[in-house]
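Here the structure is laid out as structure tokens; the discussion comes afterwards.
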Amino acid sequence: MDVQAGRTVPDGGWGWVVVAAVAVINMTNQSILSVFGLLFEGQLRMHEDTFTAALITNLNSLALNFSGLFIGPAIKSFKPRNVAATGCLLVSIGLTLCSFATESWHFIVGYSFFVGFGLGLISPSTFMAINSYFSSKRGRAVGVSLAGAGVGQVFIPHMVRYFLENYGFRSAVLAMAALSLTGLLGAIFLRPLNPLVSHNNHKHLTLIADKEDKKQSKDLQAIIVLPAQTNNALKPAELKEDSSMCSKMGHRLAQAMDLELLKDIVFWSIIVGMALVYTATINFTLVFPNFLKHTAGFDSKSVATCMSVVAGADIVFRLLLPCITDRLRIPYRVVFLLGIVGLLVARLLLVQTTSLPLIIAMSVQVGMTKSATVINNNLTISAYCRSEKLAGGLGLSMIAKGIIVIIVGQLLGWVRDYSKSYVICLYAQSVVLLLVVVVWTPEIYYRYRKQKHHTSKSMETTYMPTEQGEPLNSRA
């Protein structure tokens with residue numbers, strides 16, 4: 001679906017410069033999430049207390065996703081470039097605060113809220129910047145920009161390990177804070193394609209206020225003209241008008257957030273399923289380094305190597321997968337589902353071995369299939385929602401992720417602490433992924449059969465006059 005209907009989309013040109021700029025921003029900011037376990041393991045004593053670490057990462061995701069409540073007005077009012085730059089600054093400030101942290105609540109303030117909120121500003125603003133320049137090549141552009149985060153996941157674990165071993169925790173976190181500031185260089189190139197004239201929030205609020213002032217002035221004139229004896233009779237009417245005004249404001253809010261999408265059960269299935277996969281992925285990123293270190297018995301160099309292998313496979317398939325799926329015309333949601341199945345199989349095989357070659361092979365599969373879910377996340381929403389409902393659909397999807405990650409994510413952390421086993425925690429993640437597969441597969445198959453039946457029926461209707469011996473253009 002072309003979200004930019006009615007506008008000239010170059011499908012390239014300066015858009016590729018924007019893609020490169022977004023890749024730089026993702027490389028220096030979004031990839032920081034992948035090294036949380038490696039960076040904060042010693043300070044948070046994650047091997048002893050997974051619950052606190054899970055709380056910090058889940059609150060981070062909560063802040064990141066609930067920024068979707070007001071990210072739309074922010075982008076419209078201040079442009080994607082300024083919003084992305086603000087996000088980079090907040091990430092850097094949050095990491096700087098974490099470098100001086102001594103208590104768990106210090107990490108919650110610095111990492112959960114500052115870093116989470118900053119990343120929440122970066123992700124949709126950079127997506128909107130790319131979205132305005134591309135139509136048919138949008139999948140490839142998104143894949144290339146997200147590959148920047150994968151590039152960061154390749155070298156940042158080694159950078160973190162180097163600073164931790166040679167300079168200590170504080171220097172390592174400050175180095176990450178300085179690295180996130182380089183995203184400001186990328187934000188400079190996020191030039192908007194056209195001025196954003198679709199909606200002016202300040203003007204809209206001013207018009208609403210003017211309308212209410214006019215209504216109040218008319219009511220005041222009516223009260224002055226009418227006799228004083230009728231003042232008591234006006235009170236029920238005024239209460240009715242106040243109720244009507246609240247109803248109108250609620251209706252406007254529902255329209256602004258596109259809440260009517262929640263009437264669609266398929267949309268619920270999409271956003272909840274993607275939120276569950278998102279939660280399982282975050283939890284895997286948290287426990288994977290510790291699984292390799294404490295269950296498989298690897299040293300820090302081998303752990304960093306496995307994490308880099310995951311990131312390397314992720315990069316390659318973020319670049320290749322959109323080209324393949326666009327050529328074969330595979331629906332975005334089907335690709336997402338295949339990615340879930342791949343992640344499920346990789347987890348089940350990963351917990352069965354401690355052999356380095358086999359774990360590296362499974363790391364490759366994790367990276368490959370993870371790319372399918374990351375690339376097709378927003379694309380799945382854009383394929384299902386109409387263009388005018390896309391912004392609301394993306395916002396509701398972010399809110400669903402924020403709610404589910406704090407509930408299911410904390411449950412997965414509790415499973416790890418209660419069982420004291422990373423293997424059981426990976427099995428719990430597999431159950432979450434299996435639930436999505438079980439719910440999505442029959443529905444996608446049913447919709448496919450229904451669409452195929454509708455297509456064949458339309459073809460029969462088209463060829464019916466010819467089968468009866470009557471020419472199709474007999475009235476011509």
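Every residue, even glycine, has its Cβ placed from backbone N, Cα and C.
When TrEMBL is compared with the stretches 237-256, 457-476, the one noted as region 'Disordered' is 457-476. If you look at the transmembrane segment (265-288), the same-chain residues 6 or more away from its ends with a CB under 8 A from one of its CBs are 33-34, 36-37, 50, 53-54, 57-58, 61, 306-307, 310, 333, 336, 340, 343, 347, 366, 370, 373, 377, 380-381, 384-385, 393, 396-397, 400-401, 403-405, 408-409, 412-413, 416, 422, 425-426, 429, 432-433, 435-436, 439-440, 443.
Residues 33, 36-37, 40, 44, 83, 104, 107-108, 111-113, 115-117, 119-121, 123-125, 278-279, 282-283, 286, 394-402, 405-406, 409-410, 412-414, 416-417 of the same chain sit 6 or more residues outside the transmembrane segment (51-71) yet have a Cβ under 8 Å from a Cβ within it. Tertiary proximity for the transmembrane segment (172-190) is limited to same-chain residues at least six positions away from its ends with a CB under 8 Å from its CB atoms, namely 17-18, 20-25, 28-29, 32, 35, 39, 80-82, 84-85, 87-89, 91-93, 95-96, 98-99, 122, 125-126, 129, 156, 159-160, 163-164.
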